[in-house]
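K.L.:
Sharing a structure with you now.
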Protein chains: 2
Amino acid sequence: MSKPGQLADDQVYLGTYLLDRLAQLDVKQLFGVPGDFNLTFLDLVEDHKNVDWVGCANELNASYAADGYARVKQAQLNQIHEGEQADSKPGQAQGSSGSNKTQGGVRGLGALLTTQGVGELSAVNGIAGAYAERVPVIHIVGVASTKLQKSRALLHHTLGDGQFTVFEQAYQGITCARAFLRRAEEAADEIDRVLLAALTTARPAYLTLPTDFVFLPVSKKRLETPIIPESVGFDEKDVLPTGKKVEAEQQKRLQFVVKEISRLWEDAKEPIVLVDACAIRYGVCHLVRDLVHATKVKFYTTPLGRAALDEVQENGYGGVYVGEITDPKVKEVVEKSDLVMMVGSLKSDFNTGEFSYPFEQEQVIELHSDHTLVQFAHYPDVSFHLLLPALAKALKPKPAVSQPPSDAGLKTNIPDGDKNAMVKQAAFWPMVGEFLQEGDVVLAETGTSSFGILATPLPKGSTLISQVLWGSIGFVTPATLGALLAAKEAPRPRRVVLFTGDGSIQLTVQEVATMVRYGLKPIIVVLNNDGYTIEKLIHGETARYNDISSWKWQSMLDFFNASSQPFPTKSWLANTRGELEAILHDKEFQAADKIQVLEVKMEKLDAPEALVKQGKLSAQLNAA
Amino acid sequence: MSKPGQLADDQVYLGTYLLDRLAQLDVKQLFGVPGDFNLTFLDLVEDHKNVDWVGCANELNASYAADGYARVKQAQLNQIHEGEQADSKPGQAQGSSGSNKTQGGVRGLGALLTTQGVGELSAVNGIAGAYAERVPVIHIVGVASTKLQKSRALLHHTLGDGQFTVFEQAYQGITCARAFLRRAEEAADEIDRVLLAALTTARPAYLTLPTDFVFLPVSKKRLETPIIPESVGFDEKDVLPTGKKVEAEQQKRLQFVVKEISRLWEDAKEPIVLVDACAIRYGVCHLVRDLVHATKVKFYTTPLGRAALDEVQENGYGGVYVGEITDPKVKEVVEKSDLVMMVGSLKSDFNTGEFSYPFEQEQVIELHSDHTLVQFAHYPDVSFHLLLPALAKALKPKPAVSQPPSDAGLKTNIPDGDKNAMVKQAAFWPMVGEFLQEGDVVLAETGTSSFGILATPLPKGSTLISQVLWGSIGFVTPATLGALLAAKEAPRPRRVVLFTGDGSIQLTVQEVATMVRYGLKPIIVVLNNDGYTIEKLIHGETARYNDISSWKWQSMLDFFNASSQPFPTKSWLANTRGELEAILHDKEFQAADKIQVLEVKMEKLDAPEALVKQGKLSAQLNAA
C-alpha cells in the first residue's frame, strides 16, 4: 500500500477528504468488507472522528445494510421536518462545512466500501435495489494502484486479462453516476460530482479509489464549499444554474399548474391524496402533511408510502390503498373519490394490486420530483417541492364526506381464534399492531411479511421499510443492521423490529452475527412456515423446489455469540396463539434491551389475504 | 405462468429442450433459487429424468456451487482420459444425442438458474470468477414474458423503468456469450449457440428464458444433432468451419512449431514441464502425461495446476513451483532448468509468487489452447490439443539430471511440536497430507488454506479446487456443495474435504445447511484463528477492521439440522496438536460417512510460510 506522505497544514489526504465529505452529509457509518485494495483507506476510517466502520459478513449484506441505513436516516429527516414550520426552507438544516455541522436535512445517504472485482460484484443486486427504490448509496470500491492498472498486471481479483474497467460496466444501468478515479488533479472534483448526483437523484453512485490515491494531498479549503449549494432546494432541476429569467419562467409555469389543479379541485366532490414512495425519498412528507392539514382531505398511502405521514385517523389518514387487494372497506371509500392527487407515486405491480387502479385519467393528478401530471397534461420541471406549498395555500378545504370505518386497518381488529392452535396470519398482523409502539422502526421482508403488514396499523413516528418494488428476498435482515445504527442516531430511542420468513432469512442470515457483535438490540421475528410461501402461492404449491432446509431458530443467537464476553440474548418460541400473546405482552420482550429472536410457528400455506390475492393476480399476469 | 400447450409427437417444450441439451452435456444438477419468473421451468426440471434441482440458500452461493460442480466434473473427465490410450481422440466420449448417452468427455459444465433482476444480479461475482478461472457455467435466468417486456410493465424485480435488458449489461464483460430470447423461431438456435460458446471457450454464458417461452414447441429432431460436432476437437478454433486447404495450412504451421521446439529441446541440458490451470480446464492433462512419460522430463505444477497429473514422484513429479514463495529445495532445482515448457499457464500474482519467475524469455516455451509461444515468437491458432501429441512423438527423452529432494512437498514432512499446544500451520498442512487418501476432492479457501495446501502432498487421483486468480473469499463453501454432487457421479466413491477459515466461511455459511438437507457427507475443516489472517498479513495486523464476529462452530451442524428426520452429523474440536492427531487418525472421522465439522484452533497470526512471503510481496507491490 502506498505510504502516507507529508501534508501541508492546509491539506488533507484524499481518503480523509472523502470521509469528511461523508461526515458533512451526516453519514456516520460506513458498511463493507475489508479487502486488500481498501485496507489503507480503512486505516483512515479507523482514525476518523465522525465516520465509523461497520464490518459486515459479506458484500451483498453490506449493500443492503447501507440501503437500510439511508432509508431510516431519510425517514428520521422527514420526522425532523414534521416538527418544523410549514414555511421553513428545505435544505436549511445544511450547515456550513469545514465545521463539524452536517449537511443533514438534505438526504439520508448510505455508504458502502468493497474491494475490486470480487467485492464490488457481490454487491450488484443491493445497489440495483437502491436504484430501483430511489435510495442514495455511495459505493466506494478500493482498487489497485493506477500504476498497476496501467501496467495491466495480472492481479488476483481481476479477470486475468489486464482489464480494470470491466467491473464498472456492471454498475452502468443501476447507478446515477460513476467515477473511475484515474487522474490525481480531478479526483476531489469527481468525488464531489458523484456525491451530488446521488443526493439530487436519490439514487446510488459508484466510485473507485485506487490504493495510490488514498494519500493524495488535497486542499482543505475545498471542504468549506458544501456539496449542495445552500441556496438551492432538494431537487435535481433546482441545482442547475438558474438565472433570473428562468426563475420567472418557472414561477409562471408553477402558477399555471396551480390554477389548473385549483379548477379541478373546486369541481371535485371528494378529493383524496394518495401518498407514495417518492414523497418519502425526496423528503416532502412535511409538505404533504401541510397540504392535507390545510385542505382537510383524507389521505391514504400505498404499500411503499407507508408511514410517510403519521398514520393516525385524526390526522386525516384513511388507510392503505393497493387497488384490488385493498381492504374492501377502504377500497370502497377510496374508489368513490372523484379526484385523486397522487404524491410521489411509483406504480409497480405489488404497489398497485397488479395495476388494478380503477381511476380514469381525468380524475388523476400526479405530483413528482421532476414533473407534474394533471389529467392528460404533462408539465416537465414542475417539482412537488415547489408545488406542494403553493397548493397548500391555493386549495380550498374539502373535508371528506365518506369516512372509512375505523377498523379498516386503522386500529387493531383481531379476529377470534383458538389459543391452543397455531396463530393465523389474519390474527397475527393486527396483533403486531397492538404490540408496536410510537417511534418503532419496522422492517418487513418481501412475501408474507410485506403483504401481512398492510393489515397492521403503524403508530405515530414509526417507520416501515419494505422493498415492495425490487423485492429482493433476503434484503431486510441486513437492512435491519443499517436501520439499527441509523435509529441510534435518532433523538429518542427507537425499537427496531424485523419481520421475516424462515426462507428469506436464510439468504443473508450471517448479518445477525454482526448485530450480535456490535451489541445491537433488534427484535427479530421469524415466521416459521417451512418454505417459500410467497412462491407457493404464485406457483408450485406442493412442488419440492419451493421447500427449504429446516433450521433451529432457537439456536441461532447462541451459534453467533461465541466471543469471550458473550452478549445478552433471548430467544422466544410461540407454538400457539396463546403463547404468542403472552410473549407480545411480556415486559422483557417489549423492552428490547437485548437482541431477541421470536420464532412464530405458522401453517405452511396460511398467508395474509392480500398475499393470496396478489399471488392469483401475479399468476394470471404471467400466464397472459 | 403460461400453461403447457399441446405437443405433437415429434415435439418437446423449449424448457425441456434446454434440459435435454444439458443432459446430453452430462449436466445432472441444476443449482439455483426459485423465483416467480422461473417457477414453470422448474416444473419441467422436477419432471426431468436426468437433471435434478439443487435448491440453494442464495444465488451467489448457487453460482459458486455450479462452478465447483463443473470443476470437479472436468477433473473427473481428465481422470477418465488418464485411463485411456494416448492415441484416443478427444471428444470420443460424446454420445449420439436423442439417446440417453451424454456428450460427456467434452467439458465439465455447470448450470445455474436464477430469476430476473434480484436473482441474476446476486450471482454476478460467482460468474465473474468462473470467467476469470475458465469454468464453463450456463446461467439461465427466468424472466418476465415477452409480452410483459414489450409492454414495459412496471414489474417487481425491475428498476421500475420498463427496461428489461439492463441486467444483461452486468454480464457483458464476464461471459463468453449472451442470449436474450425474444423471438420464438430462433430460441432453440440461441440456446445451442451459448452452450457451444461456453464449452469451446471454457467460460460462462448467459441465457434468459421468458415465462411464455418455457412451453414453446420445438422439434425433437434438433436433439439428434449434437451441440459439439463429433468430428472436431475441443478447441474453439477447431469448431470454426474449416476446409481442406486450411487444415493443410494448419498442419504446416504445426510442423514448423514442432521443429522449432525440437531444436531448442535438443540443445537443452535439463528441460522441465510446468503444468498450469488451462491444462486442466481444456482437458489436456492426459496429453501432458503422455509427453512427460515419453520424454522422461520432470514436471512441476503451479498452485492453479495442482493435481493436473498425479503428483507421484515416480511419475516424474517434482513439486509445486510459485516463484519466490516456492519451497527453497524445489525452487533451486526448477530454476536450474535451462528450458521451461509451460502448459496452459495463467501467470497471475498469487500463481507466480507475485510475478517472480526468473526465467529469460529465451528459455521459455508456452503451450496454450489457442496459441503457442516459443521464445519471442508467437504462433496464433497453434493449440496444445494438437501440439502436445505431436511433441510427445517428436521430442527425445531428456531424463532429469537434478532431482528435488523427496521431502520437498512430495511426501509428508511434519515438524516436531508440543502436543499440548495449538497446532502450528507449519505442521498442520503436512499432517493433512498424511490424512488425505487416494481420490479425495480437496477444496482450499483463498487465504491461509490456499497457501497452506502448497505444502500438502496430494495423493493419486485427487482433485484440488482453489480460486487462486479470482480469489473470492467465501467461494469454497458453496463450491463444496457442487463438488459433493459431482463426486457422487464418479465411478468410485470420493471423499470431499473442505479447508476454510472462520472468517471466510461466514460469507456463505448457509450453504452448509443445503449439504445437511441433501444428506451429503463433506468433511468441513474450519481453521479458527479469529479473523481475516490473510488481510492482516498484507496490511493492518492489529487493525479492528480485520476482526470478525466469533461463532460457535461446534453448534453449526445442529443449528442447520432441524428437519423431522435429522441427518447424522458429527462435530470435532482440536484445541491442541495432540487432539488434532487423534482426530485425523480416528476411523470414524476418516470414514466420511456423515457430514462432519472439524474445528482446529490456531494462533491468530500464525500463517503458512508461503502466505507470509506472499503478504510481504503484495504489500510491496501495492506500495510501489
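The count begins at 1 with the first shown residue.
The backbone N, Cα and C atoms fix where each Cβ goes, glycine too.
Any TrEMBL annotation is an automated prediction that lacks curation.
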K.L.:
Among A:D502, A:D586, which residue does TrEMBL annotate as binding Mg(2+) at the site that also has A:N529, A:G531?
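P.N.:
Among the candidates, TrEMBL records only A:D502 at this Mg(2+) site.
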K.L.:
Hey, which of our binding-site residues A:D502, A:N529, A:G531 end up with a Cβ under 8 Å from chain B?
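P.N.:
Filtering A:D502, A:N529, A:G531 for a Cβ under 8 Å from chain B leaves none.
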K.L.:
Starting from the Cβ centroid of A:D502, A:N529, A:G531, the recorded Mg(2+) site, name every other residue in that chain with its Cβ within 8 Å, sequence order please.
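P.N.:
The answer, listed by sequence position, is A:G501, A:G503, A:L527, A:N528, A:D530, A:Y532, A:T533, A:I548, A:M602, A:K604.
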K.L.:
Give me the stretch from A:15-74, A:108-156, A:261-382 with the greatest number of Cβ pairs under 8 Å to the domain 'Thiamine pyrophosphate enzyme TPP-binding' (A:458-538).
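P.N.:
Looking only at A:15-74, A:108-156, A:261-382, the most contacts with the domain 'Thiamine pyrophosphate enzyme TPP-binding' (A:458-538) come from A:15-74.
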K.L.:
What average pLDDT is reported by the model for the domain 'Thiamine pyrophosphate enzyme TPP-binding' (A:458-538)?
P.N.:
94
K.L.:
I'd like the Cβ neighbour count for A:N529 (Mg(2+) binding site), meaning other Cβ atoms within 10 Å of its Cβ, all protein chains included.
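P.N.:
Excluding its own Cβ, the number within 10 Å is 22.
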K.L.:
Take the Cβ of A:D502 (Mg(2+) binding site) and count every other Cβ within 10 Å, whichever protein chain it belongs to.
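P.N.:
For A:D502 (Mg(2+) binding site), the 10 Å Cβ neighbour count is 24.
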K.L.:
Residue counts in helix (H, G, I), strand (E, B) and coil for the domain 'Thiamine pyrophosphate enzyme N-terminal TPP-binding' (A:15-74), per DSSP?
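P.N.:
Output for the domain 'Thiamine pyrophosphate enzyme N-terminal TPP-binding' (A:15-74) reads 35 helix, 8 strand, 17 coil.
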K.L.:
So what sits near A:G531 (Mg(2+) binding site) in its own chain, CB-to-CB under 8 Å and at least six residues off in sequence?
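P.N.:
Long-range Cβ contacts: A:D502, A:G503, A:N546, A:D547, A:I548, A:K604.
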